[in-house]
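J.: Pulled these features from TrEMBL for this protein:
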| type | residues | note |
| --- | --- | --- |
| ACT_SITE | GLU148 | active site |
| BINDING | HIS147, HIS151, HIS157 | Zn(2+) binding site |
| COMPBIAS | 265-282 | compositional bias 'Basic and acidic residues' |
| DOMAIN | 57-250 | domain 'Peptidase M12A' |
| DOMAIN | 288-324 | domain 'ShKT' |
| REGION | 254-282 | region 'Disordered' |
Amino acid sequence: MEKLIVLAYVLIASLSGFIAASLATSHHHKQELIEGDILLTRPVKKLISLKHRTRREVTTQLIRRWSNSVVPYTIDPKLGKDARRAIRKAIREFHKHTCVEFIPKTNQKDYIYFKRDYGCYSPIGRQGGRQKLAVGEGCEYKGTIMHELMHALGFFHEHSRFDRDKYVKILWWNIEPNFVKNFESYSHGDVDTLDTPYDYNSLMHYDNLAFSKNRQNTIEALDDSSKQLGQLDSFSATDIKQLLKIYKCRSIDKDPLPAQPMRSKTSEKDESQENQKTSETKRHLANCKDLFPSTCKVFASYKGYCKYWKSFMEKQCPLSCGMCKKEMKRFSIWNPENYKPRQNGRRND
């Protein structure tokens, strides 16, 4: 029974992505985080204290953008290969769809430091000097890094919009008591939304089960309670539109999902190496199995898990979710003892 509980915890942590890792972070940084993964800096504290005012002037005065859309960065040498791969993939998505340019730091004063730490979190916007973006165990995924980089670029969570109650319902009674504040909204002005509609599919939106104390939904769409909220797979069209607008990349009237990259900042050599690392390999149907059979059956029985968390469940629970195919991607295998991938495994996310 103990083993089942441990495995269930591991699955829950992975399924909730950045949220689960942020729970661990909150334990170690109780006075530093809000909404699970936002570092509480002085500007954000002031913004919160002014939450009953429009944020038209507050946003421009307190949340700083990166000059010329250029973001220098360095990487903690303690970060493993999976985290580094996730960082490279995340940066590539920004380079592909926006004009925001992440470059290795040389002599720049302001820069992001990808640091090995507990959980995953980031401050909002440019802080000045070295600013930490934490990448802990469970955060080594492209989508999670993209989410945190969005914070670093100046974005808040979608569910904290001033008009969110027109679109979603918060089920307060299902939320872990210590994390109720994570679901508060601000009294924002139109500038905060960048004149874009509410985006259920945003990379910055909480998922339906975020911070749940009983595996029941904590947030639901008003028009359809079964609608999936949030994801950590890729930018939504609105995410890209907002990035293009706030960093003045180009006309936002054009298709926000370009068929070709706006510009290539990844060398052909790096691209070739990355493709080689993440190439698909054949896997016979007879070898398709759940990594945690008993626990996978439980999670597969939950409404929507195999569909809403397809990427993760296909890796960990393909049999229970009916995802076995003659050819499958080679996925990493998680060791529940230390919550790290095997040395001979590869994470293909």
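Cβ atoms are placed via backbone N, Cα and C, with glycine included.
Automated prediction, rather than curation, is the source of TrEMBL annotations.
Where in this structure would I find these features, and how exposed are they?
T.: Note on GLU148 (active site): other Cβ atoms within 10 Å of its Cβ, all shown chains, come to 24.
The secondary structure of HIS147 (Zn(2+) binding site), as reduced to three states from DSSP, is helical.
On the 0 to 100 pLDDT scale, the model's mean across the domain 'ShKT' (288-324) is 74.
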J.: When you tally the Cβ atoms that lie within 10 Å of each candidate's Cβ, which of the binding-site residues (HIS147, HIS151, HIS157) has the highest tally?
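T.: By the 10 Å Cβ neighbour count, HIS147 comes out on top.
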J.: Between HIS157 (Zn(2+) binding site) and GLU148 (active site), what is the CA-CA distance rounded to a whole number of Å?
T.: 10
J.: Per DSSP, HIS157 (Zn(2+) binding site) is which: helix, strand or coil?
T.: coil
